[in-house]
Amino acid sequence: MTTTHGSTYEFRSARPGDAEAIEGLDGSFTTSTVFEVDVTGDGFALREVPADPPLVKVFPDDGGSDGEDGAEGEDADSRTFVAVGADGDLAGFAAVSYSAWNQRLTIEDIEVAPGHRGKGIGRVLMRHAADFARERGAGHLWLEVTNVNAPAIHAYRRMGFAFCGLDSALYQGTASEGEHALYMSMPCP
């Protein structure tokens, strides 16, 4: 058990019985700012701008697995870590995978339930991911985040992540069309 901001949580590897709660976790967010992306022939620039009215983002059900097997089907280079509240309910999770060829641990997904945000759960889940990265010999951690998720971008930067790339076409043809994928990385601590 770990106490963060006065609340007690159990942090552990996911179990098969956690799969339904992981799939059903509310990953939506509301933000009053977004990162505007200016793409030029020579690169790109980011600028945080107000979102008025505040943007509410609900991620659509992707209709299947995209490599994030949750608590089921994990291999030696994949893990899902969970945070469980004192009430036994899932408070958050982080699904990660290691790629040996580039010594990268990818944060496939990290979500914290709305009622548990701001309590350090994401930071502790990321520490578990970093521990797993070190076990695997990873040189860095890497993730993708939409430019409209300013709360997550700020959290990742506080954790030590820095911008390392952009994909302006990743979300074309999806419910997130018009958004840009921002890539962030940090050396394995």
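Placement of Cβ uses the backbone N, Cα and C atoms for every residue, glycine included.
As recorded in Swiss-Prot, the features of this protein are as follows:
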type	residues	note
DOMAIN	44-189	domain 'N-acetyltransferase'
REGION	55-76	region 'Disordered'
COMPBIAS	63-75	compositional bias 'Acidic residues'
Quick one: DSSP breakdown of the domain 'N-acetyltransferase' (44-189) into helix, strand and coil?
32 helix, 61 strand, 53 coil
What average pLDDT does the predicted model assign to the domain 'N-acetyltransferase' (44-189)?
92
